[in-house]
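This structure is in C-alpha cells; I'll ask about it shortly.
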C-alpha cells in the first residue's frame, strides 16, 4: 500500500507525460481477487461494514481495470489507434485515477465513504457505452485492415476477457452502490443485486413474456410456453437459488428472442406455432435450464459462429454520440449471455438439429459457495496467447473441387 501512495504522490494530472502508464503498471502487477456469491452476500448482510467494502474496492477495482488495460495495449496497433478504442481506454484510465485517489483517504472518514459512492456512480455512468463503443472499434479496424484467422481468434479471446472484466467491475460497483448509497433504490428482498432466494421459474416466465411482447409487435404472433420444473434436491418444492436475477433474465431473454424468431419464421405457413419447451432442473451441484424450439435449427458449421463477436444476422448499426447506442447488429447477444453464465462458473451451450430445432442449455451453480467469479488476469500465459503466429493446419482441408480419380486412372 505504501508503494501505491508513493505512485500517487509522484503523479500529477492525467496530462502529465508518462504518469498514467506508471499507475497502470503498478496495479497490473496484482492479480484480481475473485469473490464467491457467498462472500458478496456477506459484504451486504445486516452486519455489513461499509469501511471493509470501501477498503477492498479501492484496491480491487483499480487492479481489475489495470489488468485489462495491459491487454488493450498489446492488441494490434491499428485497432488500439481507432478513435473508439482510444475513447474506451481513456474512460478506463480516468476511472482508475478517480479510484486511486481514495488510497489516501481513511475508511473512518464518513465524507470519504460518501464521496466513494458518488465516484462509483460516476465511473459506472462513464462506462455505460463501453460495449457498443468497443464493438465500433472492432468494426473500424476490420473495415481498414485485412484480419487473418489468428488475429480473429485473438480478438475473440480478448473480447471474452474484456467483457467479463466489465461484468465483474459493474457487479462490484453495483453491490456497493445499492447497499451503501443513501438512496435505497434496490429491491428490499435483495442484497444489492443478488436475490438470496431467486425464484428461477418466475424469472423464466418474466423473460418469456418480455420476449413474447417483442415478438408480437414484430411478427403479430408468438409461440406459447410449455414449462416443466424438476427439483432433484427437494422434490415437490419450488426451485430457488442464490443468484443475480438481472443476469439470468439477460440470458433467458436473449435465448427466448432467438427461439421465437426461429419458430415464427420457420413455421410461417403452419396453422399454429409449436410451443417453446422449457425444463428447469435443480440438482445437487447444478441448476440447469433447457430451452427447446422447433425453429428449424442451424447447420453444425454455424454453431461456433453464433458465439463470435463478429457474426450477426442483423444489419450493422450506426453509432452516434447519444447514450442510447444500439447493441442489436453487433452480434453480441449470445457471446455476452454466455459470459454472464460463465461469470459464476456456469455455462451456456447450443445443440441444434438442422431441419428440426435447437436446444439452448444454461448451467448455473446450485451452491452459492461454488459460484465464484471467473476473472481474467494479465500474466505471462495471457501475453503468450497474443503472440501466437499463424501456422499451417495439421489436418487435411477438403477441396471444394475434389479430384476426379476415375479420370486420373484413365490417364
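Heads up, the Cβ atoms here are built off N, Cα and C, so glycines get one too.
According to Swiss-Prot, the ATP binding site annotation covers 254-261, 293, 312-313, 329-334. Here Swiss-Prot flags 138-368 as domain 'Histidine kinase'. The annotation site 'Interaction with the other subunit in the homodimer' is assigned in Swiss-Prot to 157, 161, 395.
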Could you list the residues of the same chain, at least six apart in sequence, whose Cβ is under 8 A from the Cβ of residue 157 (site 'Interaction with the other subunit in the homodimer')?
385, 386
What's the CA to CA span in angstrom from residue 333 (ATP binding site) over to residue 161 (site 'Interaction with the other subunit in the homodimer')?
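That comes out at 16 Å between the alpha carbons.
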Whole-number Å distance between the CA of residue 260 (ATP binding site) and the CA of residue 161 (site 'Interaction with the other subunit in the homodimer')?
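One finds 30 Å between the Cα atoms of these residues.
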Between C-alpha atoms, which of these recorded positions comes nearest to residue 395 (site 'Interaction with the other subunit in the homodimer'): 161, 254, 257?
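Given the candidates 161, 254, 257, the nearest one is 161.
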Quick one: pull the CA-CA distance for residue 254 (ATP binding site) versus residue 161 (site 'Interaction with the other subunit in the homodimer'), whole Å only.
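Between the alpha carbons of residue 254 (ATP binding site) and residue 161 (site 'Interaction with the other subunit in the homodimer') there are 20 Å.
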Count the Cβ atoms, other than its own, that fall within 10 Å of the Cβ of residue 161 (site 'Interaction with the other subunit in the homodimer'), considering every protein chain shown.
20
Does DSSP give residue 395 (site 'Interaction with the other subunit in the homodimer') helix, strand or coil?
coil
In this predicted model, what is the average pLDDT of the domain 'Histidine kinase' (138-368)?
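Across the residues of the domain 'Histidine kinase' (138-368) the model's pLDDT averages 91 on the 0 to 100 scale.
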Whole-number Å only: compute the distance from the Cα of residue 257 (ATP binding site) to the Cα of residue 161 (site 'Interaction with the other subunit in the homodimer').
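Cα to Cα, residue 257 (ATP binding site) and residue 161 (site 'Interaction with the other subunit in the homodimer') are separated by 25 Å.
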